[in-house]
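Only one structure is covered here, and it is reproduced in the block below.
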Amino acid sequence: GGLRADPPAHRAALAACALGGDWQRALLVFEAATAEQPADARTYTALVHALVEGGQHGRALEVVQAMRRGGGEARPNRITLNLALRACAALEDGTKALEIYHLMQELGVEPDAKSYAALIAAVGANGDVQPAMRCFAWMTARKIPPDTHTMAAVLTACARGGEWQTALAFFKDMQAQGLQQNVYTYTAVIRACNRGGQWEQAMALLQEMKAMGIKPSVVTYNALVAVVGKAGMWELGLTLYEELCANSIQPDVVTFNGLITSCGKAWKWAKAVEVFEMMKARSVPPNAFTYTTLIRACQEGGQWKRAGELFNEACAGGLDMDRSMTQRARRGRGASGWGWDG
């Protein structure tokens, strides 16, 4: 009785598992649900949803394969296949995503904007912009209006491929078509500018989004800090940090790593240490990259003792430091031991 013979109750239990990302419990519920009768598409889909939300993307795709084999009432629907595409995007598996997309056509399932956003994210994951653009063209050919998710997916592919001109041209084209932009699309195009080292363009986009009343996120500021840092503009990076804090946005480890990197690049070891102290004051835990970058800045500034202390602090904190740095630290006797090749 109870849960065993009641499919709506099974689906409700699976939905609760999805909400909490409790994929293990979802498998147990599914097992109980299918003990007496085969699962239908809705029950399978509820399981796939729970697996995707629980980060079990490979398992989710296995369930979709089982549905295909089952046929009949277990046939995957658009919700199932969109979840499968999301799993492919998370796994950065463009080949599998295209298989799912072709399966949609084979089953007569109409893709929607969500389908294309996940498909584009999967095929563009390795920074190959052409397949991402091709999928976007398939969408427009089907007269499906692009949304901010599909636009952000294309722009992210451009960023990963370092194709800032393509990203900017696409962004401007979408604006010209009157499509509403949001923090995700602006951040994606700013990240593309970061990859291309286009700091002026990135800063202009920041001003534009603020003028439109779109509030930047910590990810937006992180991309801006990185791009101005590459240009040697460490002071502008700190100004951006102050702006971020003034807007009640919480900086994260990426923010501080970007600031420390830019200070180190400009030979400002004391400023890099100051940023590190600010990081600690905000209770943001440093990672191995933070220490490596800071140690390098101190070493290049001739601060051997400080570099050694930081190295010991990182190791005491259980961080896995760069092997070459470890070897040099062990060899080091005084200042000369802390030298390393560029």
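One is the number of the first residue shown, and numbering goes on along the chain from there.
Every residue gets a Cβ built from N, Cα and C, even glycine.
As a whole-number mean, the pLDDT of the domain 'PROP1-like PPR' (11-164) in this prediction is 92. Look at TrEMBL and you will find 11-164 tagged as domain 'PROP1-like PPR'.
According to TrEMBL, the repeat 'PPR' annotation covers 40-74 (among others). Beyond the ends of the repeat 'PPR' (40-74), by six or more residues, the same chain brings 7, 10-11, 14-15, 17-19, 21-24, 26-27, 30, 33-34, 80-81, 83-84, 86-88, 90-91, 96, 100, 103 to within a C-beta distance below 8 angstroms of the stretch.
The feature repeat 'PPR' is assigned by TrEMBL to 77-111 (among others). Note on the repeat 'PPR' (77-111): residues 41, 44-45, 48-49, 51-52, 55, 57-58, 60-61, 64, 67-68, 118-119, 121-126, 128, 131, 135, 139, 142, 144 of its chain, located 6 or more positions outside it, place their CB under 8 angstroms from a CB of the stretch.
Taken from TrEMBL, the feature repeat 'PPR' applies to 112-146 (among others). Remote same-chain partners of the repeat 'PPR' (112-146), defined as residues 6 or more beyond its termini with a Cβ less than 8 Å from a stretch Cβ, comprise 78, 81-82, 85-86, 88-89, 91-94, 96-98, 100-101, 104, 152-154, 156-158, 160-163, 166, 174, 179.
Marked as repeat 'PPR' by TrEMBL: 147-181 (among others). Same-chain residues lying 6 or more positions outside the repeat 'PPR' (147-181) and placing a CB less than 8 Å from one of its CB atoms are 113-114, 116-118, 120-121, 123-129, 132-133, 136, 139, 187-189, 191-196, 198, 201, 209, 212, 214.
Summarising the annotation, TrEMBL assigns repeat 'PPR' to 182-216 (among others). Long-range Cβ contacts of the repeat 'PPR' (182-216) within its own chain (Cβ-Cβ under 8 Å, at least 6 residues beyond either end) map to 148-149, 151-152, 155-156, 158-160, 162-168, 171, 174, 223-224, 226-228, 230-231, 233, 244, 247, 249.
Non-local neighbours of the repeat 'PPR' (217-251) in the same chain are 183, 186-187, 190-191, 193-194, 197-199, 202-203, 206, 209, 258-259, 261-263, 265-266, 268, 271, 275, 282, 284; each lies 6+ residues outside the stretch with a CB under 8 Å from one of its CB atoms. As annotated by TrEMBL, repeat 'PPR' applies to 217-251 (among others).
If you look at the repeat 'PPR' (252-286), the same-chain residues 6 or more away from its ends with a CB under 8 A from one of its CBs are 218, 221-222, 225-226, 228-230, 232-234, 237-238, 241, 244, 293-294, 296-298, 300-301, 303, 306, 314, 317. Annotated repeat 'PPR' per TrEMBL: 252-286 (among others), in sequence order.
Taken from TrEMBL, the feature repeat 'PPR' applies to 287-321 (among others).
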